[in-house]
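K.L.:
From Swiss-Prot, for reference:
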ACT_SITE  320  active site, proton acceptor
BINDING   5-8, 19, 68, 73-74, 98-100, 134, 148, 162, 219, 308, 323, 334  UDP-N-acetyl-alpha-D-glucosamine binding site
BINDING   100, 219  Mg(2+) binding site
BINDING   337, 343, 344, 380, 397  acetyl-CoA binding site
REGION    1-221  region 'Pyrophosphorylase'
REGION    222-242  region 'Linker'
REGION    243-406  region 'N-acetyltransferase'
């Protein structure tokens, strides 16, 4: 089970948008955590948030939304969650994660769960010199306390910091959060206090370590930019390790859900928005942007092509300076340079269907809604406003005139 803490205001972001809704890889921080959590098939994913954010999250499917009525700190948020989570039993393992730590990997969470045996809870730490993070106090191989850095007079240049994620059995978590006392200076309840509470109750507390990049907590726009950089670097490595060629990896940008098949080649300066799936052996040329689009095996898209809300068939070529929107293109078709699908009439968008083995000549405009059937040919420079029957040639440009210059 997951408890995601998302009630913080994020004042340092200087934004009207709640902090956890700021995006990395075209998905919000909260979406990253939920996306990863779902890969682990938990019985319950609960998000604790304030009322205004709850209203914005009601579109989320299969997520339990829990309102923290007053912003009384992370300890109060978890206490509210365990009191309200559905079908919670003592033996359930609960992962508590802050909503501003979107880069935590499932392999790390799995390692923490494995470390939980014989312990009340397990925390995650990382080495850093950044004094904004709380510090893990380790004695004889066990975690004894988490302290805020400003309260720690003996802090070293580099220390083991708190990454803001805990794993515990529901029974232990429920009992420990009930013992958290209100901080006298801030009037908040700190979740980190449960470590010292557990130790005083003669319970073992474990810890696992990771690197600072994975544990990045996002509190400012600068942190957001760093997290975007780390995310993109990780995705580039993932795809190259998966058999995808990135000609200039640092110039290619991915979304959280981008899928690319083996032996595809991605050329420089390509941007993948949400919802892109690319089959094996495809080629995506320079300066191409794709969003909500499926590209078939062996297809070639770009350079300077934008494809949006479209399905592009196997071995189809859309090679130069084209816009393909709300369009389905069949197999082995060729879309010539400068082709534009005119899908928006000023009020709503319309679909275009281009069949298999079609040829669309350069500088053509296709006015949706439109159907171009299999094996049709559209002559260069045509403006197509009516459906094209199967195996037909269509020419709409005027006859060329040649006149003598006086």
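Quick reminder: no glycine exception, Cβ is built from N, Cα and C everywhere.
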K.L.:
Should anything in the same chain at least six residues away from the region 'Linker' (222-242) have a Cβ under 8 Å from its Cβ atoms, list it; otherwise answer none.
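P.N.:
Contacts of the region 'Linker' (222-242) (Cβ under 8 Å, skipping residues fewer than 6 from its ends): 13, 22, 24-25, 102-103, 213-214, 216, 249-250, 252-254, 256, 258, 260, 262, 266.
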K.L.:
Compute the C-alpha separation of residue 73 (UDP-N-acetyl-alpha-D-glucosamine binding site) from residue 100 (Mg(2+) binding site), stating it in Å without decimals.
P.N.:
15
K.L.:
I want to check the contact list for residue 344 (acetyl-CoA binding site): same chain, sequence separation of six or more, C-beta distance under 8 angstroms. What comes out?
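P.N.:
Long-range Cβ contacts: 325, 350.
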K.L.:
Tell me the Cβ contacts of residue 337 (acetyl-CoA binding site) under 8 Å, same chain only and six or more apart in sequence, or just say none.
P.N.:
319, 320, 321, 322, 362, 363
K.L.:
For the region 'Linker' (222-242), what's the mean pLDDT in this predicted model?
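P.N.:
Mean pLDDT, the region 'Linker' (222-242): 98.
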K.L.:
Roughly how many Å lie between the Cα atoms of residue 343 (acetyl-CoA binding site) and residue 100 (Mg(2+) binding site), rounded to a whole value?
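P.N.:
Residue 343 (acetyl-CoA binding site) to residue 100 (Mg(2+) binding site), Cα-Cα distance: 38 Å.
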K.L.:
Work through the binding-site residues one by one (100, 148) and point out the residue whose CB has the fewest other CB atoms within 10 angstroms.
P.N.:
148
K.L.:
Does DSSP give residue 8 (UDP-N-acetyl-alpha-D-glucosamine binding site) helix, strand or coil?
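P.N.:
The three-state answer is coil.
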K.L.:
Distance check, please: Cα of residue 100 (Mg(2+) binding site) against Cα of residue 397 (acetyl-CoA binding site), rounded to an integer number of angstrom.
P.N.:
56
K.L.:
Write down the Cα-Cα distance for residue 219 (Mg(2+) binding site) and residue 8 (UDP-N-acetyl-alpha-D-glucosamine binding site), rounded and given in Å.
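P.N.:
Pair distance, Cα basis, whole Å: 10 Å.
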K.L.:
For the binding-site residues listed here, 8, 73, 99, which shows the highest count of neighbouring CB atoms within 10 A?
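P.N.:
The most densely surrounded of these binding-site residues is 99.
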